[in-house]
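Remarks on the structure that follows.
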Amino acid sequence: MGCTLSAEERAALERSKQIEKNLKEDGVTAAKDVKLLLLGAGESGKSTIVKQMKIIHEDGFSGEDVKQYKPVVYSNTIQSLAAIVRAMDTLGIEYGDKERRADAKMVCDVVSRMEDTEPYSPELLSAMVRLWADSGIQECFNRSREYQLNDSAKYYLDSLDRIGAPDYQPTEQDILRTRVKTTGIVETHFTFKNLHFRLFDVGGQRSERKKWWHCFEDVTAIIFCVALTGYDQVLHEDETTNRMHESLKLFDSICNNKWFTDTSIILFLNKKDIFQEKIKSSPLTICFPEYTGPNSFTEAVAHTQHQYESRNKSENKEIYTHITCATDTQNIQFVFDAVTDVIIAYNLRGCGLY
């Protein structure tokens, strides 16, 4: 008698099984939708990561993209040279050849007329090449931590002949290295390992951060980008604040935020290529006076990594750290593969399916 189910009980059991099945299916669907936030201070490489996703998980840059980035390359190149020229006066550095002053005036005039996005005339290109070869300009470039200069300056200025050619078309690497300040929120969609990613890139400068809060619901994981190179630089928007100190403060507020109690945090210590060169001549103690280790890449990165990871106040939260070079497609492909595996495991655990 106890084993016989009434029609109503059988129907209730069927409904219960169906609900359980639906919940499991919903869990699987939820596990397949991934909302990723790219956060970090200004110029930490967030937008470059977005461009890499386009190369790795979409079809790369279209002919239209290349056309749109061409004036940006022209502008980034001449603006970088103009920034060095302006710093020559500020730092009191003399040109190796006095005749370079006329070339410098030509460059600054083009920038002030807002013609920096135009292809270079043969005269302008020659002036830029002569300037970049000048010993005074090179001395000033080597002191770039004392003023604001794009990371890509050397890359572009070393390629002046190619960029100034009449038939110039930006390469993938040229596009990856372009710098345009992100304003507002940029959303990118792609599919990888059967997951549907929605990646949100939000401007990192102080004025942009108030826009972050709109993105904070239902976040699967945060990728927090840090420019390793910021340890000896000050902010664009506040020249009294060290960039690394600002980034650490920001990481602390994100990592320990109540919104992100159950959110995976992935830390990208970025710009390792530039940092590797910079650390040889600019000591880490500029940012971390307590540091007593050698100014070698491995030890300096390990100390910086510890500074970030020790900000995590939750015993249950793990920080997944990667040392990255956002302009290196192979490196980002490898790292993003590892990041995705973390997300899959984390998601399935959350749904009770792992």
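In case you wondered, yes, glycine gets a Cβ from its N, Cα and C as well.
Annotation source Swiss-Prot lists N-myristoyl glycine at Gly2, citing sequence analysis.
Residues or ranges marked as S-palmitoyl cysteine by Swiss-Prot: Cys3.
Feature annotation from Swiss-Prot assigns domain 'G-alpha' to 32-354; the stated evidence is sequence analysis.
Annotated region 'G1 motif' per Swiss-Prot: 35-48, in sequence order. Sorting the region 'G1 motif' (35-48) by DSSP state (H, G, I as helix; E, B as strand; all else coil) yields 3 helix, 6 strand, 5 coil.
Counting every protein chain shown, the Cβ of Ser47 (GTP binding site) has 22 other Cβ atoms within 10 Å. According to Swiss-Prot, the feature GTP binding site maps to Glu43, Lys46, Ser47, Thr48, Ser152, Leu176, Arg177, Thr178, Arg179, Asn270, Asp273, Cys325, an assignment based on similarity to another entry.
Here Swiss-Prot flags Ser47, Thr182 as Mg(2+) binding site.
For the region 'G2 motif' (174-182), the model's pLDDT averages out at 92. Taken from Swiss-Prot, the feature region 'G2 motif' covers 174-182, and the record attributes it to sequence analysis.
The annotation region 'G3 motif' is assigned in Swiss-Prot to 197-206.
Long-range neighbours of the region 'G4 motif' (266-273) within the same chain, counting only residues 6 or more positions beyond its ends whose Cβ lies under 8 Å from a Cβ of the stretch, are 40, 44-45, 49, 151, 221-229, 251, 297, 301, 304-305, 308-309, 319-328, 335, 339, 342. What Swiss-Prot lists as region 'G4 motif' is 266-273, and the listing cites sequence analysis.
Sorting the region 'G5 motif' (324-329) by DSSP state (H, G, I as helix; E, B as strand; all else coil) yields 1 helix, 0 strand, 5 coil. Residues annotated as region 'G5 motif' in Swiss-Prot, with sequence analysis given as evidence: 324-329.
The Cβ neighbour count for Ser152 (GTP binding site), using a 10 Å radius and every protein chain shown, is 21. For the binding-site residues shown (Arg177, Arg179), fewest C-beta neighbours within 10 angstroms: Arg179. When the Cα positions of Glu43, Lys46, Ser47, Thr48, Ser152, Leu176, Arg177, Thr178, Arg179, Asn270, Asp273, Cys325 are compared pair by pair, the longest gap among these GTP-binding residues is 17 Å. The list of residues near the region 'G1 motif' (35-48) in space but at least 6 beyond its ends in sequence, with Cβ under 8 angstroms from a Cβ of it, reads 151, 176-177, 179-182, 186, 197-206, 208, 212, 215-216, 218-227, 230, 235-237, 243, 246-247, 250, 254, 268, 270-271, 324, 326-327.
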